[in-house]
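Under the heading repeat 'ANK', TrEMBL lists 1-28, 29-61, 65-97, 98-130, 131-165.
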Amino acid sequence: LHEACYSGRFEEVKFLLDNGAQSGIKDSAGSTPLHYAVLGGSEDTVSLLASRSSVRESIDEPDAKGNPALIVAILRQNRPMVQALIANGASVEHQDSAGLTALHHAAIAGFNDGLDLIIDETADLNVPDKRGYTAVHHAVNSAEASNNTIRLLKEGGADLEVQDHVGLTPL
């Protein structure tokens, strides 16, 4: 199932699922078939998987690195995949072991093309990670982010003057 998902072989994935393949099983790296579908870039396969209640219930299940499928899509800067995952219930509020959310990851990656999708679904644009850094802190400190990333965060409602745990603001 993992290989079929990665390769985007929709009919094969459908056949396997219809015949009892376990959609939540993890490989040795902790990746589920959904992670593989995201890595392979198959939106149809992601939508098929997400239509199954067993996948929808575990859509935020992290891999061994702590990344749910949504974060993997953000790191690959795949806007349609991010959109499909959010539409199928992926949480932008999920925090990894460092306290990073989808918004933090998008800011770090400078994923301006998909930032609006994440901002629209995020309740608190100023949520801190475990170090007290917000998405704006990360954008300012990231070589991948740009002034446009910071502008998009500000326009979305992020506070440019919020302080981290030691009192430092992003600017």
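Every residue, even glycine, has its Cβ placed from backbone N, Cα and C.
Heads up, TrEMBL stuff is auto-annotated, nobody curated it.
Note that the structure is predicted; figures quoted are calculated from it, not measured.
In the repeat 'ANK' (131-165), the DSSP tally of helix, strand and coil residues is 17 helix, 0 strand, 18 coil. Here the repeat 'ANK' (29-61) has Cβ contacts under 8 Å with residues 1-3, 5-10, 13-14, 17, 23, 68-70, 72-73, 76, 78, 80-81, 84-85, 88-91, 94 of the same chain, all six or more residues outside its ends.
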